């Protein structure tokens with residue numbers, strides 16, 4: 001039981017999970033789950049109460065029972081007491097002060113990382129303002145590599161997402177070419193397949209591998225199919241660069257997605273055996289998003305942001321190249337409007353980075369959410385300042401397969417220009433060599449069709465009727 | 001008309017013949033040209049209107065009556081308005097008390113049983129419902145008429161502020177063996193009028209998605225209503241024969257496998273490089 005007295009009123013919270021939920025900035029998913037603070041006053045009182053909780057308490061009072069949940073077991077069993085030592089005496093409130101202080105340098109933050117649990121990260125984020133989330137995230141450094149390096153300071157990468165509603169090979173290739181010629185695609189070229197089976201996945205893997213090999217592009221490909229499908233693709237000899245899976249922060253969420261931690265370990269091992277990375281061996285690509293546990297009815301009465309932070313414990317265990325919070329995709333019953341989406345995006349990015357996860361963000365919204373392009377501009381800019389590893393790149397912001405809006409090729413160039421951010425160095429070199437982009441920092445594109453791609457326009461078009 | 005020099009057009013616009021994606025948009029500096037910016041805003045505005053405009057029930061009824069149907073029974077979910085609907089999916093799955101009572105009062109007891117109930121639900125796009133339900137139902141009725149079975153149809157029902165699962169409750173109260181829900185889908189930027197079809201055998205309150213079969217993207221520029229009717233009829237016929245729906249039925253139907261070439265080779269790969277291709 002947690003208690004807080006304010007004047008002549010005493011507020012009580014029955015356990016740490018309830019205290020965390022009540023302290024969470026308002027959002028529709030927590031209202032739907034019935035765990036939200038019942039008044040604005042109660043929310044701030046919960047935050048005051050949470051600020052007094054010692055970080056050690058999170059090791060004693062687990063939010064989801066150890067016996068019932070393998071994610072809790074992973075968090076507790078892999079907790080590094082030595083790394084935790086320098087911050088073990090802090091309360092949540094002083095953890096915020098410490099994170100913002102000049103003591104917490106990039107190096108120090110890397111050293112304590114393994115001592116921070118997702119619940120500690122979630123708790124402190126609840127009492128941080130947006131600028132705090134940005135400032136601390138910017139201090140965190142997480143570097144990963146496969147065929148290029150991702151996460152270097154001053155860089156921002158993009159996932160080229162050339163989805164097509166019927167997986168048409170030339171339709172996908174057209175979006176790929178558009179993206180490459182706009183300097184996008186250094187995080188990954190990643191397709192969400194319209195038809196989700198092994199044969200289709202292999203076809204799309206070959207399509208992307210052919211392009212990557214032919215043009216010697218220092219990037220990697222991924223088909224976002226179920227992890228068990230990708231394992232089968234590897235068995236059948238398909239050219240798998242990255243293994244994809246959507247993950248959540250409770251065992252129940254993950255079993256609703258049809259996998260467990262062993263499945264991920266098996267997949268990681270299978271991908272490692274192919275040895276396709278040239279600069280590094282980070283072979284996993286995970287996607288997450290607040291609300292997935294509630295949607296799977298596996299949230300154990302936790303707030304959705306705490307569940308989300310727990311997913312990063314799953315992610316960091318498998319050394320991913322990329323982790324992407326698909327923040328606005330789930331819809332307004334979880335994140336109602338631009339304000340809630342922006343807050344969630346910054347929280348996710350902060351928690352991920354603090355825990356050592358290579359965070360990117362699908363800055364996005366659906367047409368039934370109270371959000372628009374201006375909200376996306378705001379979040380993209382804020383995340384660019386915060387040092388977000390990557391965002392999506394899609395033609396004209398319009399995903400014609402998944403029916404939602406995310407950042408465009410143009411948007412990434414905007415962010416690079418106003419914030420002086422560069423693509424991954426190996427990719428930037430390739431862009432220059434291919435005459436696509438001069439001076440990657442200034443994002444100056446070539447005016448004409450680069451020579452190496454000129455031949456592709458000679459191909460006959462197949463689909464009739466035009467745009 | 002010649003574009004001013006400060007707009008850079010993309011020489012690969014012809015690739016739009018391969019895809020509806022917004023490729024080759026050109027740029028002003030690195031930003032979207034005004035024309036493309038406003039085209040996007042218009043699409044978004046239309047999608048927003050599809051979500052927020054209520055279905056005009058009088059006009060909707062008129063169209064059906066003119067086509068020779070009885071006026072649909074009007075029903076409403078427990079979500080009172082659109083804002084509640086968007087934040088409380090649970091309420092959109094349940095009929096309000098008035099509506100449930102109206103259905104119970106529909107027939108003298110014992111109530112007749114029907115082979116099929118068609119339940120129209122506004123969902124997330126009133127535009128989809130207004131444009132595409134009549135053409136689909138007309139085409140489906142032609143299929144049903146030519147069936148080897150005699151299909152008895154329950155009275156048409158239309159539900160406001162509803163989600164897919166509400167069809168199960170309506171179908172149950174109408175005493176129907178199969179319910180087919182026609183619902184406005186979450187509108188895409190380029191497809192504000194997309195209708196979804198969900199079929200359940202033995203509808204009753206509380207069934208899960210695993211019990212349903214879905215046909216998506218029914219609209220003139222997507223899966224045409226006539227083609228959707230053929231697919232729906234196939235599912236209905238199978239469901240009636242096998243007395244089931246959902247995952248078990250889907251396993252036998254190869255309907256949703258997309259037709260495609262087996263090749264993974266795109267126009268981006270030069271034919272000359274064939275020999276270097278790895279397996």
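Placed from the backbone N, Cα and C atoms, the Cβ positions cover glycine too.
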Determine which of B:141, B:214 appears in TrEMBL for the same adenosylcob(III)alamin site as B:164, B:185.
B:214
Enumerate same-chain residues with a sequence separation of six or more from residue B:164 (adenosylcob(III)alamin binding site) and a Cβ-Cβ distance below 8 A; give 'none' if the list is empty.
B:93, B:121, B:123, B:181, B:183, B:196, B:198, B:212
Give me the long-range Cβ neighbours of residue B:214 (adenosylcob(III)alamin binding site): same chain, 6+ apart, Cβ under 8 Å, in sequence order.
B:196, B:197, B:198, B:199
Additional residues around adenosylcob(III)alamin, ordered along the sequence, whose Cβ is within 8 Å of the centroid of B:164, B:185, B:214
B:123, B:181, B:183, B:196, B:197, B:198, B:216
Set of same-chain residues at least 6 away whose C-beta sits under 8 angstroms from residue B:185 (adenosylcob(III)alamin binding site):
B:123, B:124, B:125, B:128, B:194, B:195, B:196, B:216, B:217
